[in-house]
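Trainee: Feature list, courtesy of Swiss-Prot:
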type	residues	note
ACT_SITE	Y151	active site, proton acceptor
BINDING	F16, I17, K155	NAD(+) binding site
Amino acid sequence: MDARKNGVLITGGAGFIGKALITEMVERQIPLVSFDISDKPDSLPELSEYFNWYKFSYLESSQRIKELHEIVSRHNIKTVIHLATTMFPHESKKNIDKDCLENVYANVCFFKNLYENGCEKIIFASSGGTVYGKSDTPFSEDDALLPEISYGLSKVMTETYLRFIAKELNGKSISLRISNPYGEGQRIDGKQGVIPIFLNKISNDIPIDIIGSIESKRDYIYISDLVQAFMCSLEYEGHEDIFNIGSGESITLKKLIETIEFKLNKKAVIGFQDPIHTNANGIILDIKRAMAELGWRPTVVLDDGIDKLIKSIRCK
């Protein structure tokens, strides 16, 4: 497939990852359509013959099936990148039924409707940080899936259904198990993203509450590296359909806080620490498959990535 000749649909185009992806794809002159429940952010390129925006929620795909068919046909949509979700990880624990309905069932309907209306390939943004559980060794794509929260379980179920539907309807699918993305364009006053949240709280002397062990490790990926992983996935024609996408490195929460303290020249205020959760295990992703199959590799190390994010915030 030549992505330059076929249209690409992105859901969740107004989000952090969506905006970065759209900017890259418009620059490459790839015909592009974005679905989002919000209007197009002013920070994105102007709409054009090659960049279209629809206020359309994937939750409504069955109710608006005729409109979906017309959009897919009009823009020759052959590939869909599904970023949109209705749930943050921390919210899913108290909203299991809503999570299942909106982030499993609605996805199944959306995928089926897309394949049946001419789409050939769906790339799904899964979660490398929540589908595996925790360990002190890197997770490969073939390891057992042991999600500990509903958010991770819904990702696992969606991956499985996507693979099944693609096979049944002669389509292709890719699930990218993404670590913790961060970088330029990310809100630091939001509810998502450890690095921007820590930057905001340390900058403003707001206490940081630690849930779990402060020695637990996480994998963080800079947004430009993540965008390139999606671009490689657009062109990929191989047989693998699941890829871990991370930095290949990990850092403890304690070390991350110390790093940000040094860069801001401010001490963090540590508030609540959960004394029950003392397990220092965390999430480290083995990214060798993505490097070998997609021809992709991360290029931004964490220290430089945090510098880039801080600089972008100060330039606003």
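Every residue, even glycine, has its Cβ placed from backbone N, Cα and C.
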Trainee: For the NAD(+) site as recorded (F16, I17, K155), determine the largest distance between any two Cα atoms, in Å, rounded to the nearest integer.
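Mentor: The widest Cα-Cα gap among those binding residues is 19 Å.
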Trainee: Using Cα coordinates, what distance in whole Å links F16 (NAD(+) binding site) and Y151 (active site, proton acceptor)?
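Mentor: Answer for this pair: 18 Å between alpha carbons.
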Trainee: Across all chains shown, how many C-beta atoms besides its own are within 10 angstroms of the C-beta of K155 (NAD(+) binding site)?
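Mentor: By my count, 29.
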Trainee: Non-local Cβ contacts of I17 (NAD(+) binding site) (under 8 Å, 6 or more apart, same chain)?
Mentor: L83, A125, P181, I223, L226, V227
